[in-house]
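If you check Swiss-Prot, you get these features:
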- 82-98: transmembrane segment (TRANSMEM)
- 101-284: domain 'Thioredoxin' (DOMAIN)
- Cys154, Cys158, His245: Cu cation binding site (BINDING)
Amino acid sequence: MLNSSRKYACRSLFRQANVSIKGLFYNGGAYRRGFSTGCCLRSDNKESPSARQPLDRLQLGDEINEPEPIRTRFFQFSRWKATIALLLLSGGTYAYLSRKRRLLETEKEADANRAYGSVALGGPFNLTDFNGKPFTEENLKGKFSILYFGFSHCPDICPEELDRLTYWISELDDKDHIKIQPLFISCDPARDTPDVLKEYLSDFHPAIIGLTGTYDQVKSVCKKYKVYFSTPRDVKPNQDYLVDHSIFFYLIDPEGQFIDALGRNYDEQSGLEKIREQIQAYVPKEERERRSKKWYSFIFN
């Protein structure tokens, strides 16, 4: 009876303290009973995350941060370098192929113009330059030439076109180191003598050569290049009359053949790019004939 009373008293005491008997003897429990203080203390011994991990995943001993293998770092370094190199190579290849494609298209255009020009534009002519020397179609060979037809009494159009021609000559010479022969052929032989042309052209680029001739000579060369010619035949130098003519620049290759014409739709910059492209795409006649005999000649046709 006495033992039962003691058990009951102990249970009542523990129930009031809200502590299990097992908790008194288990250090990892939630609560620890302090008999001397009469209060409950919360334990700071928290369960570590590693205690819940499987044994095969627990870290044994001190944790060691091993350095990344040199081979791995090398391959990572090489990978991004190879990527950059591939991008640069792709960009360079695209730019090169684009430029080659443009040159090939320009070359085909020039070949088509030559085929047309050999029948319709150009041919033999005899004129006199502003130094009094003869000038024929043979003087067109060996260099690129630009022909322009005008007259010294032109009030506005011819000076504007000669200014544009001056710009092209200067840019090609200074930036591309390309020498081109600029020719100014007069459509007014009665008034444009060699001395008059020399004085008139002195206001423009010094490389421009003035050409003139007799009425029949000038009319003949205008006809060969399909230039509109309206100058009356029997006129006096002091007589006032109108001269009308076509407004084109004719680009001639070193073989003396027509390859392109530039009208007023070309400004200074676009005309310069057009001339530059034609010169860069130029292929000598011997090379064109050699290509035409190869099995891959269809590429250039």
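The backbone N, Cα and C atoms fix where each Cβ goes, glycine too.
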With H, G and I counted as helix, E and B as strand and the rest as coil, say where DSSP puts Cys158 (Cu cation binding site). helix
CB neighbours within 10 A of Cys158 (Cu cation binding site), counting all protein chains shown, number 22
Mean of pLDDT values spanning the domain 'Thioredoxin' (101-284): 89
Around the recorded Cu cation site, report the further residues of that chain (criterion: Cβ within 8 Å of the mean position of the Cβ atoms of Cys154, Cys158, His245; site residues excluded), sequence-ordered. Phe149, Gly150, Phe151, Ile157, Glu161, Cys187, Val243, Ile247
Ordered by sequence, the long-range same-chain Cβ contacts of His245 (Cu cation binding site) under 8 Å (at least 6 apart) are Phe149, Gly150, Phe151, Cys187, Cys222, Val227, Tyr228, Phe229, Ser230
For Cys154 (Cu cation binding site), list the number of other Cβ atoms lying within 10 Å of its Cβ atom. 17
